[in-house]
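Asks: Annotation comment: TrEMBL describes 29-48, 60-78, 98-120, 140-162, 197-225, 237-261, 273-292 as transmembrane segment. Annotation comment: TrEMBL describes 41-290 as domain 'G-protein coupled receptors family 1 profile'.
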Amino acid sequence: MELWNSTLGSAFILVGILNDSGSPEVVCATITVLYLLALTSNGLLLLAITMEARLHVPMYLLLGQLSLMDLLFTSVVTPKALADFLRRENTISFGGCALQMFLALTMGGAEDLLLAFMAYDRYVAICHPLKYMTLMSPRVCWLMVATFWILASLTALGHTMYTMHFPFCMSWEIRHLLCEIPPLLKLACADTSRYELIIYMTGVTFLLLPISAIVASYTLILFTVLHMPSNEGRKKALVTCSSHLTVVGMFYGAATFMYVLPSSFHSPKQDNIISVFYTIVTPALNPLIYSLRNKEVMGALRRVLGKYVLLAHSTL
């Protein structure tokens, strides 16, 4: 089979869910609404956490990082997918594909580790409240932030470089919403079985360790909550933790499907649906799950928006 040279001048064709859908206009409108919702909700949450001094605590710093990741993650994929559909132009350059893969893997890997750190934060806050400001000091918190960004970006860089070094066949069509490892390996004209095993082992490690930390944290939290004398304290702790567990379930479910299940379980249609879920749906829902059930966040958001409204009126 003839090979083509993978250079910066070469191009792939992204055949995502918009092109494979029976009702592309409806899907396009839905994705547009979800993207605008993700931009608005994450932007407002970031604004509230940045501007409101009461939210300058580790829990909300980590939540702000989650909103930042969701904003970046969905913006790496959605605008191009919508623009390609409207222009009827689905090509992406070799360099653009590599960049999109690197950014998507970085955001996914960083969120994977962030959710584990958020579980640890809740464990310390509920199980060791008197030691909270020591165990979750600003220095420790920023060290966590640096850790998940650096580890995620280095892992993403390694996987991107290795994936893109394969020779690809004359079939340039990536039957996927974005450039990701599994659909790209299907186009490779080389034996990728060993690399697929490495991806599987990396995926299991990257997912298993954080999930183990999350399960351990919430097991200890549950024991502590059940022994709380105050019904109000018990309810508040359960509401906060249930929000986090909802986000954890959505993220790890999609990640497990894409990077842990063997390729025989995958089909282009299923992969496209899952990719829409974690790149578009989840970033739109995450801030709503956290903010709508959190009185502190909603109160801070009202105060911040109120200040901007008063400022706008005073300048008129």
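Placement of Cβ uses the backbone N, Cα and C atoms for every residue, glycine included.
Any TrEMBL annotation is an automated prediction that lacks curation.
Note that the coordinates shown come from a computational prediction; the quantities given were computed from them, not determined experimentally.
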Asks: Within the domain 'G-protein coupled receptors family 1 profile' (41-290), what mean pLDDT does the predicted structure show?
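Replies: Across the residues of the domain 'G-protein coupled receptors family 1 profile' (41-290) the model's pLDDT averages 86 on the 0 to 100 scale.
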Asks: With an 8 Å cut-off on Cβ pairs and a sequence gap of 6 or more, do the transmembrane segment (273-292) and the transmembrane segment (60-78) reach 3 or more such pairs?
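Replies: By the criterion, they touch.
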Asks: Please work out whether the transmembrane segment (140-162) lies in contact with the transmembrane segment (60-78), by counting C-beta pairs under 8 angstroms that are 6 or more apart in sequence and asking whether there are at least 3.
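Replies: When sequence-distant Cβ pairs are counted, the transmembrane segment (60-78) touches the transmembrane segment (140-162), since at least 3 lie under 8 Å.
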Asks: Below 8 angstroms Cβ to Cβ, which residues of this chain, lying six or more residues outside the transmembrane segment (237-261), approach it?
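Replies: Sequence-remote neighbours of the transmembrane segment (237-261) are 66, 108, 111-112, 115, 118-119, 122, 126, 180-182, 199-200, 202-204, 206-207, 211, 214, 218, 221, 225, 228, 270-271, 274-275, 277-278, 282, 285-286, 289-290, 293-294.
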Asks: What residues in the same chain, six or more past the boundaries of the transmembrane segment (98-120), come closer than 8 Å to it by Cβ-Cβ distance?
Replies: 59, 62-63, 65-66, 69-70, 72-73, 76-77, 80, 92, 144, 147-149, 151-153, 155-157, 159-160, 163-164, 178-181, 184, 206-207, 209-211, 213-214, 217-218, 244, 247-248, 251-252, 255, 278-279
